[in-house]
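Trainee: Take this structure, written in structure tokens, and hold onto it; I'll ask about it next.
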Ligand SMILES: [Zn+2]
Ligand SMILES: [Zn+2]
């Protein structure tokens, strides 16, 4: 088995100049790549890529940053999109209480509202979710606990504490690690990775963001998931092939990729 990048954004602007070339290379090198939407437009872009390249799949969803895009039409458009071929998850959706430079102050109650409606789509279509969460793990967990019905999925690019990770794991969620697992000052994150059981761990790049250590400052791409796997292999004391097999099988199980 080869590696799976469970979270990339090859439909984003960063690849406008050479998207096909990057997509072809990555499709050949990896077992699968899931391109994840953040808005209606980038969700459509992810579905288009899934239709054009072997081993490419899509997740569709509205990121908490784009809460202002949400209206009844977005809701029905997203549901239509979620039924397209190659869609394996609803995401990235979630809660983000972090104050970013170019964004207005986060409005968590508005974020919860669109999260709620998107989880409804996931439950209706029996799809897992890809959670984006920053500075709001406790709030997200509270939300899941109160929610009726089954929700399965992954907390992507995990950056919380072990106590928070444990709660999501106990609820049946997977935890996914990006290139930031390789950063020198992320010892605490490596400790968390050490404790996550092998049947709950996933690898991703979040490309074009968060390139692993040797590529910091450059554009990330799905094949660099290899560096995330190497870091994990070292942390877990597994061989690289064992790490690849475990994480790829987990991704196949969660996203029902054959
Ligand atoms: Zn994210
Ligand atoms: Zn992302």
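Note that Cβ sites are derived from N, Cα and C of the backbone, with glycine treated the same way.
Sharing the feature lines straight out of TrEMBL:
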BINDING   7, 9, 92, 206  divalent metal cation 1 binding site
BINDING   132, 156  divalent metal cation 2 binding site
Trainee: Taking 92, 206 as the binding-site residues to compare, which has the smallest set of other Cβ atoms within 10 Å?
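Mentor: Counting other Cβ atoms within 10 Å of each of the binding-site residues 92, 206 gives the minimum at 206.
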Trainee: Determine, to the nearest whole angstrom, how far the Cα atom of residue 92 (divalent metal cation 1 binding site) is from the Cα atom of residue 132 (divalent metal cation 2 binding site).
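Mentor: That comes out at 6 Å between the alpha carbons.
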Trainee: Cβ-Cβ under 8 Å from residue 156 (divalent metal cation 2 binding site), same chain, 6 or more residues apart: which ones?
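Mentor: Once residues fewer than 6 apart are set aside, residue 156 (divalent metal cation 2 binding site) is near 6, 7, 36, 91, 92, 130, 131, 132, 176, 178, 204, 206.
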Trainee: Starting from the divalent metal cation 1 site formed by 7, 9, 92, 206, give every other residue of that chain whose CB sits within 8 Å of the mean position of their CB atoms, in sequence order.
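Mentor: The surrounding set, listed in chain order, is 8, 36, 38, 130, 132, 156, 157, 204, 205, 207, 209.
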Trainee: Measuring CB to CB from residue 9 (divalent metal cation 1 binding site), give everything in the same chain under 8 Å that is also at least six residues away in sequence.
Mentor: 35, 36, 38, 42, 46, 206, 207, 208, 209
Trainee: Please report the DSSP secondary structure of residue 206 (divalent metal cation 1 binding site), reduced to three states.
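Mentor: Note: residue 206 (divalent metal cation 1 binding site) is coil by DSSP, not helix or strand.
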Trainee: Counting other Cβ atoms within 10 Å of each residue's Cβ, which of the binding-site residues 7, 132 comes out lowest?
Mentor: 132
Trainee: Can you tell me the three-state DSSP label for residue 132 (divalent metal cation 2 binding site)?
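Mentor: Where residue 132 (divalent metal cation 2 binding site) sits, the three-state DSSP reduction gives strand.
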Trainee: May I ask you to report the DSSP-based helix, strand or coil state of residue 9 (divalent metal cation 1 binding site)?
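Mentor: Residue 9 (divalent metal cation 1 binding site) sits in coil per DSSP, no helix or strand.
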